[in-house]
């Protein structure tokens, strides 16, 4: 039976990516060698890294605008540390928007470095919305936000105007919707949602914001070092970078971000319409802040959970149990999840309504 | 034609590992899902992580001795930073042995943190040997060494006795030879030689040495955080950990480290015997410090290089060009390189001798 994988991340990637990357594990570029055993300095892999870095900037429409794309290791959690190391001045201050668990994690690492101001937080309402009214200190070294909150199913639709650099953790919605990415001075994203397998992190940084802190930066944490070494300061995560390139190529062939955005909007509309229509369910995020990537919802009557769970499991759906912070269900609809899978879930919700009434 | 992959890393892994990991990319554990799309919190992957962590301690004979094994990200270069963050006291000092490019890299990161003493260095002789006569300050917080120097083809055969914690970067010879691993308080190794693909780093640490610096440690760099979260502080490199587990299982089935050590010694003996016998070649490392993993050698007459290069390429050999720091040739004979591949290289060297004379 076909599986409908709603996992929140690591998550579904395009089927053709699985096939091509499995083939590369056996025989990469018809070289007779596995992608796992080739040197990262080999001509074939250098070409992969160069194409991947260029394709990131092309898809984000950041070409020729002073940005560099890097494929680093350590996940978004490592960028929580690299960002203040590279941008927070010795006696400066940072400003952060607290919209969920991961935003809070970024704030925690920054606080160990220096003055860190939280401009607004929705923690008191269990992060069910994105704060809108806040002021960003004009003298802060940067403003940090999280574009999509995987756990709570919220997503920033607008971003503030400010003269200070904007840093955005886009781990769970990068490459999913059209934005003016040049509004951001530094974007980072763990690969394992819309870009590739776990084990590589994308960074797109406007080079001119670097080198201004007066702080000594360890080499491995220094973005400028990684830029100077063309993202090969040390051995990169070869397989994860290659699989990311395959996913980016798939996206380009689909029409890039404008192409996938239409599909993502259709998927989100289909599911949220059912959540709102079906009397047995209720969404947890404030409607205007609902994420197109992660839809969080509850059964109004939790005693019905076992019966509902059996239905979706029988339909081949996996990965929609909610995070413990919210409970209920979380349907993650990343780029590679087909509309057909969302239809299967909606059908299950409607079938469940019939069996209950 | 069969390839003989002498790449210095990433490097050859066992053929059965390529086959099993390619299969897992298509269908992991017969789940109908790819290893690339499953949650790191799924039962199946938690079992992988637990088995991999336990197998590391079993193979190194560190079970029940207070050690924890972790699978982290960032390569050995990230451990160059994590080590002083976790072990170097606020006003303490560290001691390092300088045996090559990577040892020097570790020293550079440590120096940014505090007083760092280099107890000895072979840099003046282009790192062609391991310094033997040196004193380790008894009041240093730890002593750091590099067990095998990939670029220069040297390997530590003995390790100093000291009462302070010993930290060892074993990236290029871990799991290759029998040692009393309990002599070391912290061992780390980038996976991409004897353990798995690039993108994951093994750390085995004696837990009692942690938490003594008085230093605030960023969460992502804090070994104790990773231990407390059972190596899932953040999303691990799922595929790289799984492939490492397959390689560790292969090693266990071969008889563990005692089993592979015999094979590695036979390979090294075969090649070094030929280097010493063949009048056209000369080894670059001092004989007593020669590495069983990386044999570095030169043509006595460099004008013969094109002719020799053609021969080994025609024989299906790849990856034996030397590092620019040493020149000539470097034959890396990691665990998964078959003895047969070494025989092919030796045959080529003998054939070359005949064509020249």
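Glycine residues also receive a Cβ, built from the backbone N, Cα and C atoms like all the rest.
The pyridoxal 5'-phosphate site recorded in TrEMBL includes B:76, B:77, B:102, B:150, B:192, B:234, B:235, and the single candidate from B:61, B:169, B:173 that the record places there is B:169. Comparing local CB density within 10 A for the binding-site residues B:150, B:234, B:235, the maximum falls on B:150. Of all the binding-site residues listed here (B:77, B:192), it is B:77 whose C-beta has the fewest other C-beta atoms within 10 angstroms. Across the structure, residue B:192 (pyridoxal 5'-phosphate binding site) and residue B:41 (L-glutamate binding site) are spaced 25 Å apart at their Cα atoms. Note on residue B:41 (L-glutamate binding site): other Cβ atoms within 10 Å of its Cβ, all shown chains, come to 13. The maximal spread of the pyridoxal 5'-phosphate binding site, taken as the longest Cα to Cα distance among B:76, B:77, B:102, B:150, B:169, B:192, B:234, B:235, is 30 Å.
Note on the domain 'Aminotransferase class V' (B:5-345): its mean pLDDT in the predicted model is 97.
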